[in-house]
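Peer 1: Sharing a structure here in structure tokens format.
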Amino acid sequence: MQWLKMKLRFVNLILLLISSTCAQLGGDPNGYLTYCPCMGRFGNQADHFLGSLAFAKALNRTLILPPWVEYRRGELRSRQVPFNTYFEVEPLKEYHRVITMADFMWHLADDIWPESERVSFCYKERYSLQQEKNDPDKPNCHAKDGNPFGPFWDTFHIDFVRSEFYAPLHFDVHHSNEAAKWQTKYPAESYPVLAFTGAPASFPVQLENCKLQRYLQWSQRYREASKDFIREQLPRGAFLGIHLRNGIDWVRACEHVKDSQHLFASPQCLGYKNERGALYPELCMPSKEAIIRQLKRTIKNVRQTQPDNEIKSVFVASDSNHMIGELNTALSRMGISVHKLPEDDPYLDLAILGQSNHFIGNCISSYSAFEKRERDVHGFPSYFWGFPKEKDRKHTNVHEEL
């Protein structure tokens, strides 16, 4: 008899869990919002994600978490990696309602967003690369034209029946009543899903949205992998994490410094109004000699100010040249070893950098910007290559840490 009671309790518990899950997957009467993270690689996508999360909250719509878009060498089409591969979903719910795109499409889309009602949103007409598709009498978002646009929506078998141009509305919900305008023009009853061809957010991330980084927490897989690497591969003691951006595409991007007031993530060190100075080439592409000088200076400074927690090693993340040989040679007399992952994994690099005692990143890079925001959440110190300028550093009391 006791066994039967326990069995009934177990069945009731299972039913309760099923009921709870169904309730969580019930439709949101306030509507949904999603987008293709189709601009740039992870750093750019992360900036856009924070802005899109804030935008969804301002409109009071559930954010459908898009997969991350990746471009792999030798593959013609982008890869879509589920959001929760790299980051936990639950912490985001402390800020606002979210659901993964897979859960939405598998459990809710047929009822809430049937195929006959799928509308793509863009600011104004987006022209197709295939000229025959461009009809002056029928302007279109061409939401699936090109890579990664087509592969992204194809991942979930999404096609659009028409386009909606939302100009002159915009995404800055912090300095105007823009959210109310969106809600008035696109009520959830008529537009259950706002599906944007690109992220409804600015780049670089708005200052007001940087604080949302606290809700973006690494998945258990990456938390454990990063801790394992630190424990098994790095010598005991404090370590300095660095990000070197030096691939050929970056070399070309840095050529625009001379003609720009801002470039990519430069506001993270120069300020959104350039209140901490103007752009200069060394911020974007520091020389090998400058990198070594700054590393030695940082290590010596930590030894003087934190003698009980000296830096014992350097961990390098890079898109191209990790400079392992050069750095090992330069730092060997200081008793410092230099390390990298055996195989490239930019996400694991970030998870490891986030646990370093000190970090030096690239002011212009949105990848470094992700790391800077993550470290700010935990109160960890961060610095930038070439900032402040070496000549300014000698004549001012500006502290390197930001």
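Heads up, the Cβ atoms here are built off N, Cα and C, so glycines get one too.
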Peer 1: May I ask you to find which of Asp28, Asp228, Asp259, Asp349 Swiss-Prot records for the substrate site already listed with Arg41, Phe42, Gly43, Asn44, His243, Leu244, Arg245, Ser366, Tyr367?
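Peer 2: The record-listed residue among the candidates is Asp349.
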Peer 1: Of the candidates Cys254, Cys269, which does Swiss-Prot name as forming a disulfide with Cys284?
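Peer 2: Looking through Cys254, Cys269, the record in Swiss-Prot gives Cys254 as the partner of Cys284.
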Peer 1: Look up Cys141 (disulfide bond) in the DSSP assignment and reduce it to helix, strand or coil.
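Peer 2: Reduced to three states, the DSSP call for Cys141 (disulfide bond) is coil.
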Peer 1: Give me the Cα-Cα distance between Asn60 (N-linked glycosylation site) and Arg245 (substrate binding site), rounded to a whole Å.
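Peer 2: Checking the Cα atoms of Asn60 (N-linked glycosylation site) and Arg245 (substrate binding site) gives a distance of 38 Å.
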Peer 1: Can you check which residues sit near His243 (substrate binding site), meaning Cβ under 8 Å from its Cβ, same chain, 6 or more apart in sequence, and list them in order?
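Peer 2: Correct list: Ala317, Ser318, Asp349, Leu353, Phe359, Ile360, Gly361, Asn362, Ser365, Tyr367, Ser368, Glu371.
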Peer 1: So among Arg41, Gly43, Arg245, Ser366, all listed as binding-site residues, which is physically nearest to Cys269 (disulfide bond)? Use the C-alpha atoms.
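Peer 2: Closest candidate to Cys269 (disulfide bond), judged by Cα separation, is Ser366.
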Peer 1: Let me know how many other Cβ atoms fall within 10 Å of the Cβ of Arg245 (substrate binding site).
Peer 2: 26
